[in-house]
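Visitor: First, the structure itself, so that you have it in front of you.
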Amino acid sequence: MLIKLLTKVFGSRNDRTLRRMRKAVSLINAMEPEMEKLSDDELKAKTNEFRARIEKGESVESLIPEAFAVVREASKRVFGMRHFDVQLLGGMVLNDRCIAEMRTGEGKTLTATLPAYLNALSGKGVHVVTVNDYLAQRDAENNRPLFEFLGMSVGINLPGMPAPAKREAYAADITYGTNNEYGFDYLRDNMAFSPEERVQRKLHYALVDEVDSILIDEARTPLIISGPAEDSSEMYKKVNKIIPHLIRQEKEDSDTFQGEGHFSVDEKARQVNLTERGLVLIEELLVQEGIMDEGESLYSPGNIMLMHHVTAALRAHALFTRDVDYIVKDGEVIIVDEHTGRTMQGRRWSDGLHQAVEAKEGVEIQNENQTLASITFQNYFRLYEKLAGMTGTADTEAFEFSSIYKLDTVVVPTNRPMIRKDLPDLVYMTEAEKIQAIIEDIKERTANGQPVLVGTISIEKSEVVSRELTKAGIKHNVLNAKFHANEAGIVAQAGYPAAVTIATNMAGRGTDIMLGGSWQAEVAALEAPTEEQIAQIKADWQVRHDAVLAAGGLHIIGTERHESRRIDNQLRGRSGRQGDPGSSRFYLSMEDALMRIFASDRVSGMMRKLGMKPGEAIEHPWVTKAIANAQRKVESRNFDIRKQLLEYDDVANDQRRAIYTQRNELLDVSDVSDTINSIREDVFKATIDAYIPPQSLEEMWDIPGLQERLKNDFDLELPIAEWLDKEPELHEETLRERILAQSIEVYQRKEEVVGAEMMRHFEKGVMLQTLDSLWKEHLAAMDYLRQGIHLRGYAQKDPKQEYKRESFAMFAAMLESLKYEVISTLSKVQVRMPEEVEAMEMQRREEAERLAQMQQLSHQDDDAAVAADLAAQTGERKIGRNDPCPCGSGKKYKQCHGRLS
């Protein structure tokens, strides 16, 4: 009560922020007559004037009123569009390192031109981030005339572009691209072998469109660049044959139900667990297939990879559904993004899941991959000096933006008041009744000439609705991941009178639905339209537009609630743009995933007690509240997962930053001989210490062992025993100095053969290659550690603290291993002529190029619950004899800590 009273008196934080910014808007409006008087050339010259002022020490913030006034005037001249005052407010919010919540149709694309221009004046570059390639290209091409009029260059960063084209795009003042491509370019730059191969500049200002989709929906999925591992496709096929013999246990959590099933599914946590009965059957079937020996256990250390295959196959069959989670196209399994409904070409699930799905669908199984580099969006976007974003729906996630990204959310008012009617939810007992009610609603509304957009949560559901509409004889368009090439065209005409459009979550985000359809699309379809044709098209459109307004505007039907209220709001936001009329309603059934998993059985029990007949719906505030609570539960669970992922990834992030900084320093220098000399001393000291303990008696020295080690690891044959026999006065310190001096002498002789320049080149190549190889193995070891670390909780230890402690020890061991491997490689390599060194360098580059071609870019399904699932199935995951040792030494497990066990 007191808070409400204080808010009434002083206004909310949002109100106070907008009040402060409105003063600047008044200044910009006051400058408008002055800007209108300037000629085109004088207006263009303002850009160079602003740049000169920044170089003299003026801050970018002090230029806001003038710069925004210049962009507004340029927009009037180039596009014939004037920024509204609310768009100026939005631009200031975006410059203020905040999230601007602007409703659909309020002109976010035009708003973005203001902060993009302002922050590009410093010459450090601006990255505008969009959710897909189509929007990146569209926005870049749409805004290019404005920016080029003001003397700014525009670049587009698309997947598959050659490195020179990417460098050119990043060198532009303003670069448009997708979140994935920016992230992958960052990882690729940190795998480059020369400074010339890098494409990105220092990360300065990122302006993220649909910021909720990128920083929240996709935050759980790290970007991973991986290379091929060994082929195990046959094993996936064999295990896949066994899974159909297993029966799902329906109600494992019931006290009275005696389960007959072989595995249980936890839909909430997306986990699959074998029951005791299932384990016995699986072991019998594996023995029958000749995969496992009789009497062996699936949980024995030797079968841990087999358990991995069984778990992956079980998850593929029980949790992943065709046309919901993925589609099969041209013999390839393509992931469907659960949040946008778009296909993710080239992306693959990790942990063998993608191969298991390929086996299930009977398509060619591609090799498993090994992680070469990875980063989460959370950590990538926090690398920018300045970050801001805009979306139509951010307020529900304001706490997460603030706690993880330190970004405040500011709700920007609409230009015209919103008059859309959001009708209460209707809840039916069954899916069939719900679909029938939707069809009736569509019939009724289209009869009045009202356009309808039907939002579904998966391709499968969109096709179910489509089939029913076809049966009812209702003409309609379908927009889902299978047909997304037509996306913009379908969305542009979804506002036609009586048009019916079915869309998955992709729902053409970024494309406005114009009431009466898009006259611009009709004009664009003509080859060389005359003025008369354009005038006629506009006149026809006006008639249609008025008819749709009279019918009540665009009606939105949601076929079920999404896990997140924000995505429901996005669907609703397709209607009622720019003060247009519109309406929306969600239809639910007790068979919907959200209701089944989160709304308790009491709701359906209550509905039966109320004596509901087939086809009847319940419309009650209590039910709406229960649904909102269910959504809140899912949102908070997903937030916890993202937060937990970030806390674990922060540990890896510190290490990643250290490695990438060291690697970039290496790339930027041509001579690393000082570093080599320094680490040679460390390596030889540590090696000699193992055989001649410091300040020890001569009887404790292992001279034969030391001689053998120096010969095997450093190609250094030294008669140490002979020296000690002939020179009794030779003590420990002088012996150490002599061994090091001999190693330096041998190395210098090699250098004399090939020349100093070639040797420096070779040293740098060896250091980079060794660093990359060990970092790759370290990432795999960190994955192993991460998957089993939650089990430490049973020993009353904090898994996060244990993970920090052990990963730090592994990192320190990796750095020691790096020194050793570099000196060992440089000492053992036999070089004769400069041509041979050049040939070796060529071979290394060819290998790097081959690997680059085989790299997979993937979104890992790194839900904390999924990681825990695999670890819980396998116990603390055992390491194969030929796997890299988790200690980070770079050696195989059997040659390192495997000896101890």
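Note that Cβ sites are derived from N, Cα and C of the backbone, with glycine treated the same way.
Since the structure is predicted, the reported quantities are computational estimates derived from the model, not experimental observations.
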Visitor: Swiss-Prot has GLY105, GLU106, GLY107, LYS108, THR109, ASP512 down as binding ATP; which of GLN87, GLN493 does it also list for that site?
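Guide: The one candidate that Swiss-Prot places in that ATP site: GLN87.
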Visitor: Sort out for me which one of GLU106, ASP512 has the most neighbouring CB atoms within 10 A, since those are the binding-site residues we care about.
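Guide: Its Cβ has the most other Cβ atoms within 10 Å: GLU106.
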Visitor: Including all protein chains shown, what's the count of other C-beta atoms within 10 A of the C-beta of GLN87 (ATP binding site)?
Guide: 27
Visitor: Please report the three-state DSSP label of THR109 (ATP binding site).
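Guide: The residue in question, THR109 (ATP binding site), is helix (DSSP, three-state).
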Visitor: Which residues, in sequence order, are found in the same chain with Cβ within 8 Å of the centroid defined by the Cβ atoms of GLN87, GLY105, GLU106, GLY107, LYS108, THR109, ASP512 at the ATP site, excluding those residues themselves?
Guide: MET102, THR104, LEU110, THR111
Visitor: If you count, for each of the binding-site residues GLY105, GLY107, the other Cβ atoms lying within 10 Å of its Cβ, which residue has the minimum?
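Guide: Least crowded of the binding-site residues GLY105, GLY107, by Cβ count within 10 Å, is GLY107.
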Visitor: Give the sequence-ordered list of residues that share a chain with LYS108 (ATP binding site), lie 6 or more positions from it, and have CB atoms under 8 Å from its CB.
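Guide: Listed in sequence order: GLY90, ALA100, MET102, ASP209, MET390, GLY392.
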Visitor: Including all protein chains displayed, how many Cβ atoms other than that of THR109 (ATP binding site) lie within 10 Å of its Cβ?
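Guide: Result for THR109 (ATP binding site): 17 other Cβ atoms within 10 Å.
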Visitor: Rounded to a whole number, what is the top Cα to Cα distance in Å among the residues the record ties to ATP, namely GLN87, GLY105, GLU106, GLY107, LYS108, THR109, ASP512?
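Guide: Taking every pair of listed residues, the largest Cα separation comes to 17 Å.
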